[in-house]
Amino acid sequence: MEYLPNIIFALALIAGIGFFARNVKKLTRNIKLGKDVDVSDNKSQRWKNMARIALGQTKMVVRPVAGIMHVIVYVGFIIINIEVLEIILDGLLGTHRLFSPLGSIYDFLIGSFEILALLVIVAVVVFWIRRNIIRIQRFIKPEMKGWPKTDGNMILYIEFVLMVLFLTMNAADFQLQQLGAEHYHEAGAFPVSQFIVPLFDGLSESSVIWIERTAWWLHILGILAFLNYLYYSKHLHILLAFPNTYYGKVKPQGQFNNLESVTKEVKLMMDPDADPYAAPAEEDAAEPEKFGASDVMDLNWVQLLNAYTCTECGRCTSECPANQTGKKLSPRKIMMDTRDRLEEVGKIMDANKGEFVSDGKQLLNDYITPEELWACTTCNACVQACPVSIDPLSIIVEMRRYLVMEQSAAPTELNNMMSNIENNGAPWPYNQMDRLNWVNE
Amino acid sequence: MSEQLKVKTMQEFMAEGKQPEILFWVGSAGSFDDRAKKISRAFVKLLNKANVDFAVLGTEESSTGDVAKRAGNEFLFQMQAMMNIELLNGYEIKRIVTCDPHSFNTLKNEYPSLGGNYDVLHHTQYLKELIDKGRLTLTGDGYKGKRITFHDPCYLGRANSVFDAPRELLAKTNAELVEMKRHKKTALCCGAGGAQMFKEPEKGDMDVNVLRTKGALETNPDIIATGCPYCNTMMTDGIKAHEKEDSVTVLDVAEVLANSQGL
């Protein structure tokens, strides 16, 4: 029975990581439902972007208050992981504070973890106040009702509790060290949790051990649970921000892709030698490619990765000229809808042995309305604002393409504009022969 | 009505067996829109003053297809692009300058993969080059004592990171440059992009151009300068919505320069 805790710990760890791996597999499968897109270019620029934007948080600090708070939570998350490593090894090996032979380095590490933990608590409280008391505009937009709001708060609660457990565990440990309890040799520095110690005054050694063990177990089990919460949450960004900034747009923001399928057809149309009655070549006999996107499978996989990476911060929406002037378009909603629909498609596949069976729904109309799509000015403010290189505009354009090229469903004025271009080479009904008249007016 | 502009077409250059230094891509707005035509004229006055050997396509020019592309009509865009590329490549055009950031963006970024590779400049970049090379010299006090705020066109600024050329030109007129709260990378759109110019806005509680001009007016400007014919229209309308058309003028950077030289 001596090894019972070790075994329980190992089982919990395997379960936690195993369940997470299963979700990662599902996540990867869903992202791969997207069309292929060539992202093998500009490798060094891509690595730089990842280092600068994800690792360096450069776009977060554009808004200093939220940015600096976020950096604290982010650094806290990364650094405290060293402590999690120790906890995992202790749990498996039945040791206590395995890294303590590092001596003064260990003291320094534990001390800085404690300070970070306190700062994380402060940041999390500030975040909560911003969301729930100050109610900053971008957190209370219509798309944030229900689960997104709960999710946002839930993350803050979990982080708060984890940090409190971490500090409680350290405080109890510190108390036990001073009491000279068995196994609790002197190790670590406790600049923050020392202030919790007086709460344990008068408690017996066994009670304090019980507190220490409980906090230790809840802390690590909480971390494993949080890991598995990610897939269901906007918090997935802590992992996906890295690949997403790598695969993000490296071309000038104004450059939209040219559809190759269209190029082929236009070249054929303009080729005077082409035989319009020729039988289609063997490989063309397949169903003609759909132009634009009406559902998530029509988007490319980077756009789907974008959707899973979105952490619903709403910076895009708060910079969007359409949204600012009361239109229905919200770039954040475009991303949230894409993810929700993709999840729905994934669930249908799970229920049908990996095959997608149409549910009569699609991204267009059932999630995103044409009214939203047509309100976009393609100004790229949303793309610029995103701290993790998400491109909502590319999805909007892809869906406009479907509306126009597959459904001829552009607003009437735009149809007029386009027939003008077709007929006289200008968006207005002026004769091409008058193009030079401005010189003499 | 005004002095004669010297404008030659590519056909004329071909007939003479010559190549121009640059092709001035006038664009549909610059050719047909009454307000934008003045911008074309102002730019040509500066080109004439600097003795630039430039050509236009004239009646051979056609829409770049940019607005069709933003609206989602990739077919129409690529048709237009390929026709234009055939023409431009036929004339062996190397350098293109345009006053329209939308043409600038698509010619520069979206034409290459369809076979059209040119050195494309916005007119503010080219004017700056002319001044830097000493081909165009500005004299006099210009706009000394006037406050100018520059509205960044999305497809020039954010989309292609051209922020400095227009500002440096404006500074050369001795005007006092004032920045709006949202400028350069975070500039607010005028509301015309993405084919909005050609349709009514969706239902909302305000028009984008009214919001943008509000931001511009907060700087207390005498002139709102911009570098895009569509922004120009939107800002002009916005000024009217704020009933400030008597005290604030909306001008293109080329017009500011030409005016400052009495052209």
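Even glycines carry a Cβ here, placed using N, Cα and C.
The transmembrane segment annotation in TrEMBL covers A:6-24 (among others). Below 8 angstroms of C-beta separation, residues 88, 91-94, 220-221, 224-225, 227-228, 230-231 of the same chain, each at least six residues beyond the ends of the transmembrane segment (A:6-24), sit close to that stretch.
The transmembrane segment feature in TrEMBL is assigned to A:65-88 (among others).
For the transmembrane segment (A:108-129), the list of distant contacts is 66, 69-70, 72-73, 75-77, 79-80, 82-83, 99, 102, 153, 156, 159-160, 163-164, 166-167, 170, 187-193: same-chain residues at least six beyond its ends, Cβ to Cβ under 8 Å. Residues or ranges marked as transmembrane segment by TrEMBL: A:108-129 (among others).
Under the heading transmembrane segment, TrEMBL lists A:154-172 (among others).
Proximity of distant same-chain residues to the transmembrane segment (A:214-232), defined by a Cβ-Cβ separation under 8 Å and at least 6 residues beyond the stretch ends, is recorded for 9, 12-13, 15-17, 19-20, 23-24, 26-27, 84, 87-88, 91, 151, 154, 158, 161-162, 165-166, 168-169, 172, 238-239. Feature annotation from TrEMBL assigns transmembrane segment to A:214-232 (among others).
For the domain '4Fe-4S ferredoxin-type' (A:301-332), DSSP puts the residue distribution at 20 helix, 0 strand, 12 coil. As annotated by TrEMBL, domain '4Fe-4S ferredoxin-type' applies to A:301-332 (among others).
The domain '4Fe-4S ferredoxin-type' annotation in TrEMBL covers A:366-398 (among others). Here the domain '4Fe-4S ferredoxin-type' (A:366-398) has Cβ contacts under 8 Å with residues 49, 53-54, 57, 59-60, 62, 237, 240-241, 244-245, 248-249, 253-254, 256-257, 292-293, 298-299, 303, 306, 309-311, 313, 315-322, 327-335, 337-338, 340-341, 409, 411 of the same chain, all six or more residues outside its ends.
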